[in-house]
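Asker: This is the structure, below, for whatever I ask next.
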Amino acid sequence: MHTNNEAAAVHPFSPKKCHYDDDFYYDDDDYDHDAVNLDNLRRTKLSEIDNAEFQWFHIRACVVSGVGFFTDAYDLFVINLVSTMLSFVYFDNNIPTSIDTGLKMSAALGTLIGQLVFGWCADHYGRKKMYGLELCLMVVATIGSALSANSYAISLWGALMFWRVILGIGIGGDYPLSAVITSEFATKKRRGAMMAAVFSMQGFGILTAAVISVVTLALYKDLIYQDQRYVDHVWRIVVGFGVVPGVVALYFRLTIPETPRYTMDVLKDIEKGSRDIDGVLSNRKNEKDKGKPNSSIEIPRATFKDFIKYFSKWPNSKVLIGTSVSWFVLDVAFYGIGLNNAIILEAIGFASSTDIYISLWNMSVGNIIITMLGTVPGYWFTVFLVDKWGRIKIQLMGFTILTILFLILGIAYNQILNLSMPLFITIFTLCQLFQNFGPNATTFIIPGEVFPTRYRSTGHGISAASGKLGAIVAQIGFINLKDIGGRNMFMNRLILIFAVFMFIGIWTTLLIPETMNLSLEELSNEDQIGFIKKAKVKEDKTTISVHNFSEVTTSSVE
């Protein structure tokens with residue numbers, strides 16, 4: 001690149017050519033040799049990582065991200081069990097609606113905040129700088145939750161709600177970070193399966209929460225029969241166990257490298273990004289290779305003006321609308337049911353008993369049955385089929401089947417219960433199966449693929465936050481509507497409402513493109529040839545331009 005003074009010194013008959021754009025000039029010769037070469041290098045190296053063989057680094061990325069999601073799900077859904085335990089210990093099995101709602105909604109509110117904040121930060125400060133910070137928040141908040149107690153200044157449930165908001169912020173940060181890091185390291189052929197495998201750990205987190213509850217209840221059985229206040233020990237142990245996987249994953253998250261796509265497309269260091277790809281594919285570390293941004297090139301930058309410009313185009317905005325609304329309607333049902341499994345099991349008579357221990361035991365075992373038969377298999381069907389069937393087919397299938405199943409449960413609610421409780425649990429389990437072998441997995445996968453690198457985390461964060469808004473709406477609606485006409489008497493109509501939201505999801509899915517077997521760059525809706533351009537250089541008004549110098553020299557020759 002030439003400075004303006006150097007450009008002014010170029011002989012008028014030199015073969016170098018410059019053209020002007022208001023106050024800027026471009027050196028076409030430099031553009032051809034520098035920017036185009038870097039542009040070609042970028043596309044070549046990204047193609048290498050897209051088409052690489054599946055290897056140890058990909059497994060490591062899945063495990064590191066997956067353990068975090070295991071922790072997320074454990075901490076989010078354990079409140080389903082803990083709320084009932086608190087009800088027995090402190091409220092004689094009649095927990096006030098406001099407290100139950102606050103306990104279940106606080107983490108969802110924090111998650112919404114975390115998804116938006118960490119989503120934006122990961123695009124502006126880097127994936128690596130943010131990854132691990134969210135897990136630190138989760139570990140601290142989990143310890144705070146387990147040690148919460150009544151005091152003169154604040155109640156137990158008030159302290160729990162506070163810590164669960166902090167916990168939720170950490171969990172929220174994990175959504176865009178884990179999705180984007182996995183997608184940017186993944187191969188094109190297996191990207192869907194890798195992201196689904198990370199998300200599938202949510203099922204094991206939900207399952208483990210129920211298992212830990214069963215084990216702890218078994219250990220405290222005799223003490224609970226002596227004094228039901230020992231249930232207070234049980235819920236604290238169950239909550240506190242969430243620290244273990246978080247601590248295990250923390251070191252690995254803090255040592256995971258920056259993604260090459262971020263290094264190239266945001267930090268403007270094409271050479272380092274290329275070396276990082278070589279290191280990843282050869283299992284070689286490049287930790288001492290600091291690199292530096294290339295100021296002589298220009299690539300699209302993440303600014304508010306550019307954000308508006310990009311998403312004001314219908315092909316781009318419709319994708320964001322599709323991913324956000326689809327996640328919203330899905331989470332209305334997913335969290336409406338998931339956070340209230342214990343209530344539903346009680347409503348159908350499976351976990352209702354005057355014996356506190358039996359009631360808590362059946363509630364925990366019921367959650368294990370539903371998770372083992374529906375939730376966990378659903379995730380893994382997605383892992384194995386998402387790169388064969390495609391994301392959109394699975395999401396449409398899931399929304400359609402869920403609409404039908406919720407209609408059956410809602411319309412024939414009492415008839416099915418009177419006929420056979422196992423039949424009701426079977427249909428209810430199928431709902432869990434097709435939520436996870438369906439939109440619950442794909443709404444997580446797609447937003448991590450369809451946006452350009454500079455907005456990938458932000459776009460995923462916005463989509464995920466829309467989902468958590470749905471979870472908040474669901475929780476407020478579920479708690480306030482379920483007892484209309486008597487205790488749990490509105491349950492059938494609530495399930496019908498869920499069916500309506502699933503039907504809406506069918507149509508919003510049609511706004512989203514299929515992402516299977518396409519590179520992240522192809523899905524960005526941006527031209528990749530010429531993505532890197534020669535940097536614009538501000539012209540120094542005190543110097544003579546090449547054009548004017550040429551005129552002066554020509555005049556002198558004449």
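Glycine is no exception: its Cβ is also placed from the backbone N, Cα and C atoms.
Okay, these came from TrEMBL:
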{"type": "DOMAIN", "residues": "61-517", "note": "domain 'Major facilitator superfamily (MFS) profile'"}
{"type": "TRANSMEM", "residues": "73-91", "note": "transmembrane segment"}
{"type": "TRANSMEM", "residues": "103-123", "note": "transmembrane segment"}
{"type": "TRANSMEM", "residues": "135-155", "note": "transmembrane segment"}
{"type": "TRANSMEM", "residues": "161-181", "note": "transmembrane segment"}
{"type": "TRANSMEM", "residues": "193-219", "note": "transmembrane segment"}
{"type": "TRANSMEM", "residues": "234-254", "note": "transmembrane segment"}
{"type": "TRANSMEM", "residues": "319-338", "note": "transmembrane segment"}
{"type": "TRANSMEM", "residues": "358-382", "note": "transmembrane segment"}
{"type": "TRANSMEM", "residues": "394-413", "note": "transmembrane segment"}
{"type": "TRANSMEM", "residues": "494-512", "note": "transmembrane segment"}
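Any idea what these are sitting next to in the structure?
Answerer: Sequence-distant contacts of the transmembrane segment (73-91), counting only residues of its own chain at least 6 positions beyond either end whose CB sits under 8 Å from a CB of the stretch, comprise 99-100, 103-104, 107-108, 111, 138, 142, 156-157, 164, 167-168, 171, 201-206, 208-210, 213, 228-229, 231-232, 234-235, 238-239, 241-242, 245, 338-342, 356, 359-360, 363-364, 367.
Residues 75-76, 79-80, 82-83, 86, 129-131, 134, 157, 160-162, 164-177, 180, 266, 302, 335, 339-340, 454-462, 464-465, 468-469, 471-472, 475-476, 479 of the same chain, all 6+ positions outside the transmembrane segment (103-123), place their C-beta atoms under 8 angstroms from a C-beta of that stretch.
Proximity of distant same-chain residues to the transmembrane segment (135-155), defined by a Cβ-Cβ separation under 8 Å and at least 6 residues beyond the stretch ends, is recorded for 68, 71-72, 75, 162-164, 166-167, 169-171, 173-174, 236-237, 239-240, 242-243, 246-247, 249-250, 253.
Beyond the ends of the transmembrane segment (161-181), by six or more residues, the same chain brings 61, 65, 68-69, 72, 75-76, 79, 102-103, 106-119, 122, 127, 130-131, 133-138, 140-142, 144-145, 148, 154, 195, 198, 256, 259, 444-445, 447-448, 456-458, 460-461, 464-465, 468 to within a C-beta distance below 8 angstroms of the stretch.
Taking Cβ pairs closer than 8 Å, the transmembrane segment (193-219) reaches residues 58, 61-62, 65-67, 69-78, 80-81, 178-179, 182-183, 186-187, 234, 237-238, 241, 338, 357, 360-361, 364-365, 367-368, 371-372, 375-376, 378-380, 382-384, 386-387, 436, 441, 444-445, 448 in its own chain, all 6 or more past its ends.
A Cβ distance under 8 Å defines the sequence-distant neighbours of the transmembrane segment (358-382), meaning residues of its chain 6+ beyond its ends; these are 80-81, 84-85, 88, 196, 199-200, 202-204, 206-207, 209-211, 213-214, 217, 231, 234, 341-342, 345-346, 350-352, 394, 425, 428-438, 440-442.
Counting only same-chain residues 6+ beyond the ends of the transmembrane segment (394-413), those with a CB under 8 A from a CB of the stretch are 326, 330, 333, 382, 385-386, 424, 427-428, 430-431, 434-435, 437-443, 446, 491-496, 498-499, 502-503, 505-506, 509, 512.
Beyond the transmembrane segment (494-512), the same-chain residues lying 6 or more positions past its ends with a Cβ under 8 Å from any Cβ of the stretch are 318-319, 321-323, 325-326, 329-330, 332-333, 336-337, 391-392, 395-396, 399-400, 402-403, 406-407, 409-411, 413, 439, 446, 450, 470, 477-478, 481-482.
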Asker: Report, as numbers and ranges, which residues of the same chain sit near the transmembrane segment (234-254): CB under 8 Å and 6 or more residues beyond its ends.
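Answerer: Result: 60, 63-64, 67-68, 70-71, 74-75, 78, 81-82, 85-86, 89, 131-132, 135-136, 138-139, 142-143, 145-147, 209, 212-213, 216-217, 220, 224, 360.
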